[in-house]
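Here is what TrEMBL says about this protein:
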- R88, G118, D139, S189: S-adenosyl-L-methionine binding site (BINDING)
- E190, E193, H194: Mg(2+) binding site (BINDING)
Amino acid sequence: MWCLDLALKQATSWLSHYVSAVRLCSSMLVLNHRCEKFVGNGNIKLISQSASQTTVDPDELRRFQSLACKWWDEQGEFAALHAMNDLRVPFIRDNLLNLHRARHPGKPLAGLKILDVGCGGGLLTEPLGRLGAKVLGIDPVENSIGTAQLHSSFDPDLCERVSYQVCTLEELSGGEEEGVGHFDAVVASEVVEHLADVETFAFCCSQVLKPGGSLFITTMNKTNLSYVLGIVVAEQLLRIVPSGTHDWEKFISPVDLERLLESTGFSVQSVKGMLYNPLLRAWSWSDSTAINYALHAVKLSKQAEDSGLHPEDHTAETHS
């Protein structure tokens, strides 16, 4: 218990009123949950699998269907996602600019094609489009896509750069028009923790990316602290997100996610911890990845993958 107590003390600067509740819930967690270890024996299957499996969890589909009309309420259930743009948009922009030189003043991502997986109402799709990228947002929830299309229609500047499609990632990766090797970047922000099959997700991301293309993920670590703060506090006490939004069993650690991606032909470039302050309703970068984290990976070229060569590892943070 001392490790959990130490971790909880790091969060008391913004959660002082809920420390007693957090400690009680964390004690229950230790009794009822065991962290799962990454099983490396399945790595070979990842490389050869097809996109016949599905990433969609029917329960998640129904949950987001009920919230589809609320995406653009900045004070509502998705307020934390709106605030997250202050971190994730620069994270995506800056890492892409490290790989692609800006070609248009004021539109640094002009000329790049980006796929926003699980785009919801377009909260991240739109700002990426305003940076000049041509962005396709996909989501299996038809009403969410309808909300995204309606909202973007009010901005004429987005008409030629942002489009939406009702489909899954595996459906897109198996198509010809938007299929293999089409995108410069794939973004999956707060999506992985809702998927039914992360292995199929990683495989399909590799399929739709060009060699050297970037994969950006933000998600939640699988730790005792992420359960306490991400579910007990965020869902049940502070009501930051609706109850039942997250399933701790679907959370994945940066180490396990990195192993999975590397087995699918990616090289992880950076992992950064993220922390949400519910009092200020703002996100900040953190030295710890114990709760939320952002990851940037690059798809290796076939030649680099066969030779075992990897781009220089820029990961500065430790996985904690």
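Each position is counted from 1, following the chain as shown.
In case you wondered, yes, glycine gets a Cβ from its N, Cα and C as well.
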Around H194 (Mg(2+) binding site), which residues of its chain at least 6 apart sit with Cβ under 8 Å of its Cβ?
D57, E60, G118, K250
Across the listed S-adenosyl-L-methionine-binding residues, R88, G118, D139, S189, what is the farthest Cα to Cα distance, given in whole Å?
19
Would you say which of the binding-site residues D139, E190, E193 has the most Cβ atoms within 10 Å of its own Cβ?
D139
Determine which residues of this chain, when E190, E193, H194 are set aside, have a Cβ within 8 Å of the centroid of the Mg(2+) site's Cβ atoms, and list them as they appear in the sequence.
G118, V191, V192, L195, T219, M220, H246, K250
Which number gives the other C-beta atoms within 10 angstroms of the C-beta of S189 (S-adenosyl-L-methionine binding site), all protein chains shown included?
24
Determine the Cβ neighbour count for G118 (S-adenosyl-L-methionine binding site): the number of other Cβ atoms within 10 Å of its Cβ.
26
Below 8 Å Cβ to Cβ and six or more residues apart, same chain only. Which residues does that give for R88 (S-adenosyl-L-methionine binding site)?
L124, S189, F216, T218, A294
